[in-house]
Amino acid sequence: IPYKYYSLPFCKPLEGVKDSAENLGELLMGDRIENSPYRFKMYTNESEIYLCKSNPLSADEFKILKERIDEMYQVNLNLDNLPAIRYMRKDDFLLRWTGYPVGIQVQNVYYVFNHLKFTVLVHKYEQTNMADVIGAGDGAELITTTSDKSSTDVKGYMVVGFEVVPCSFQHGNELLKNVTTYGKYPSSIVCDPSTVAMAIKEGQPITFSYEVSFVESDIKWPSRWDAYLKMEGSKVHWFSILNSLLVIFFLAGIVIVIFLRTIRRDLARYEELDKEAQAQVNEELSGWKLVVGDVFRAPNNPELLCVMVADGLRILGMAAVTNFFAALGFMSPASRGALITGMLLFYIFLGVVAGYVAVWLLRTITCGESRGWFSVSWRVACFFPGIAFLILTILNFLLWGSHSTGAIPFSTYLVLLLLWFCISVPLTLLGGFIGTKTPRLEFPVRINQISREIPAQRFPSWLIVFGAGTVPFGEIFIELFFIMSSIWLGRVYYVFGFLFIVLILLVVVCAEVSLVITYMHLCVEDWRWWWKSFFASGSVAIYIFLYSINYLVFDLKSLSGPVSAALYLGYSLFMAIAIMLATGAVGFLSSFLFVHRLFSSVKID
């Protein structure tokens, strides 16, 4: 659960706490940026800078500070839009973290990191005869011009890196009597991150200080994010892709055997017979050829199926488009909240496609009836967004009760509702109306008036369906670990190129799994394939949610309290539902086209 920095007994700016303007994506992610009390002068090294001395810790402040240390809360700082990065060496590995911990517990004693050692990497540039605009992220912009020759040698510096080392240092109270804010501490401060000294105690104040050094670097401005986006474990990502390709080739072999050998052989033999022989053979047919009069019989709740397929296709399109633009670099992490904002906008405008698919599919299933298109389009516009709003509202009440900055403001709720009902819903209805004007897909065979009895099965069919979800899960679980670590452990994830490849492979695997499961059911004369083809690939969401629980137990050990666990499980459930709809839509549409193509090859009088 994120909290405001100044909810703890830390130093505040002399000019007061001011909030920066956040975009929609930042508000949804719970990012709240405030000004800090730290002051830097460009390319001026300073040390032993006294910041402030807090009031004696009250019982409540002491309790909250201990809780934040136990829960391993991190403080995130930004300089010129660059997050503070912290390096730590462990077992010959150099680990990178954004931010620094509030404190640490050593032998049942709590210590706070009250001295920060900043290192600012700068790149020198020489100004040319042009007007330059030097931005500082959330700070003011400086506009400089060089119109005469005397100013061509003016030099400046650009911030290309921001590092922090937190230390725990015990200041002497006697030395602080004549020191003011931003004054120099009269004794040297040795910042050693391997030792701790400033123990927190109830009724005693905390003294804060810092130092800053500027280091000239060869890193240029366009490359300053490389330290944050440097891909770790690339071999693991390639192993994930190789694992996915092996799964695809294995399933492709099964599909080829089914299609090229079994089905084509049966069709070839059937078409070589004359009508009398075909009639005689029909009495001896078995397997999928016996359900020719029932295979296109409308499933139970066809409207709900169409809604779920349309919403799943919408989510898949949003993920693909967002991932594509992120892989091309259009959604840089320097633009905070751009990824979430882009996903939301893509989802809204893809409502046209969702409405069209839902109505067109329903007209195909019901053999051309256009009645009820408005109702189906309305359900598409409200089904998944309604689930999302329900989950987010429940979680938001928990955040409001915890006084967390992660709570979505009421004004943001109004903006989301306006986007939903004023843009998303009309676009979805427009797509549904277009779907009524588009020719539907004709079934190649007639549907019998009386449905065929399904023989008793040796194994429960739904057990096979839900078991099929393990195959696509095995394709994505490696990449899923990196995504979960990025979301819940604050690690930067920007290998969208790998993620885009994995997404394509996931679509292929889901299609192949659904085809195999559908064909297996048709071979045992089970013509109720509609919902089973959806959940054959959509059941991967079950295993993703179970993996989320496993990740909570074994990887998020620092997550404490029922509210934090409820938030984690709520967001994991939301993610699992979205994945179920997207993968289920892929499986259903691929099976639908396969069944239509298969029975289009059968000659029926």
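The backbone N, Cα and C atoms fix where each Cβ goes, and this holds for glycine too.
Here TrEMBL flags 238-260 (among others) as transmembrane segment.
Residues or ranges marked as transmembrane segment in TrEMBL: 313-332 (among others).
Here TrEMBL flags 338-362 (among others) as transmembrane segment. Note on the transmembrane segment (338-362): residues 23-26, 28-29, 302-303, 306-307, 309-311, 313-315, 317-319, 321-322, 325-326, 331-332, 370, 372-373, 376-377, 379-381, 419-420, 423-425, 427-436, 438, 440 of its chain, located 6 or more positions outside it, place their CB under 8 angstroms from a CB of the stretch.
TrEMBL lists 382-401 (among others) with the feature transmembrane segment.
Annotation comment: TrEMBL describes 413-434 (among others) as transmembrane segment.
Sequence annotations record features per position, and here TrEMBL assigns transmembrane segment to 462-488 (among others).
Annotated transmembrane segment per TrEMBL: 494-517 (among others), in sequence order.
TrEMBL lists 529-549 (among others) with the feature transmembrane segment. Sequence-distant contacts of the transmembrane segment (529-549), counting only residues of its own chain at least 6 positions beyond either end whose CB sits under 8 Å from a CB of the stretch, comprise 295, 299-300, 302, 305, 308-309, 312, 461-462, 465-470, 472-473, 476-477, 480, 484, 509-511, 513-514, 517-518, 521-522, 568-569, 572-573, 575-577, 579-581, 583-588, 590-592, 595.
Residues 295-296, 305, 308-313, 315-316, 319, 384, 387-388, 391-392, 394-395, 472, 506-507, 510-511, 513-515, 517-519, 522, 529-530, 533-542, 544-545, 548-549, 552 of the same chain sit 6 or more residues outside the transmembrane segment (569-595) yet have a Cβ under 8 Å from a Cβ within it. The transmembrane segment annotation in TrEMBL covers 569-595 (among others).
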Cβ-Cβ under 8 Å with the transmembrane segment (382-401): same-chain residues at least 6 beyond its ends: 1, 30, 307-308, 311, 314-315, 407-408, 416, 420, 424-425, 563, 566-567, 570-571, 573-574, 577-578, 581
